[in-house]
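Heads up, the thing below is written out as structure tokens.
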Amino acid sequence: MCDVITFGKGGDVTQDAHQIDPPSPGGDKGHKSPPPGRRLTPARQRVLDVLRAAPQGHALGAYDILERLAGQGPGRPAPMSVYRALDFLMTEGLVHRLASLNAFVACPHPDTGPHAPQFLICRSCRAVIEQDGAPVTHLLSAAARASDFLPDGRAVVEVDGLCAHCRARESDREQ
Ligand SMILES: [Zn+2]
Ligand SMILES: [Zn+2]
């Protein structure tokens, strides 16, 4: 069942949002520098690394991210710096926000450029599967136009359900 459709602010799919170098674990030394303000700084890279380390594309809330960063030391990052890093990573299409979970997930294919994702979210294990949401987004935009309605951004569809792994586990239990 599809239960959440959100309209992301400023989410123009056509906007040029992929001008940074692909992230590398060793930081961005040696790459040619993107424009100031668009760089994947070490602080932004750390937030991205935490999300990429989450198992099976699981989404993490801002507090979970903060806790994991604090566990890496030294010192505890300020919550604002984590939110700012997340804002940057979302603008660049490297991270997506899941409205229904109030959580964030690393994009599994960050090199495709700006895209319109949709998400399948397992209600049991919270695994998140990202899919191409362009066809659905297209339909929703057309429907909105037909009603003479101007959405604030592009629609993001989040679908709740059970992943294959959890369905198999449930049917094992029933036998
Ligand atoms: Zn994505
Ligand atoms: Zn599951």
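Quick reminder: no glycine exception, Cβ is built from N, Cα and C everywhere.
For His115 (Fe cation binding site), other Cβ atoms within 10 Å of its Cβ number 18. According to DSSP, His115 (Fe cation binding site) is assigned to coil rather than to any helix or strand. Positions annotated as Fe cation binding site by TrEMBL: His115.
The Zn(2+) binding site feature in TrEMBL is assigned to Cys122, Cys125, Cys163, Cys166. Within the same chain, residues at least 6 positions away in sequence whose Cβ sits under 8 Å from that of Cys166 (Zn(2+) binding site) are Cys122, Ser124, Cys125.
Feature annotation from TrEMBL assigns region 'Disordered' to 9-40.
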Cα-Cα distance linking Cys163 (Zn(2+) binding site) and His115 (Fe cation binding site), given in Å to the nearest integer: 23
Conformational class of Cys166 (Zn(2+) binding site) under the three-state DSSP mapping: helix
Packing count at Cys122 (Zn(2+) binding site) (other Cβ atoms within 10 Å of its Cβ): 19
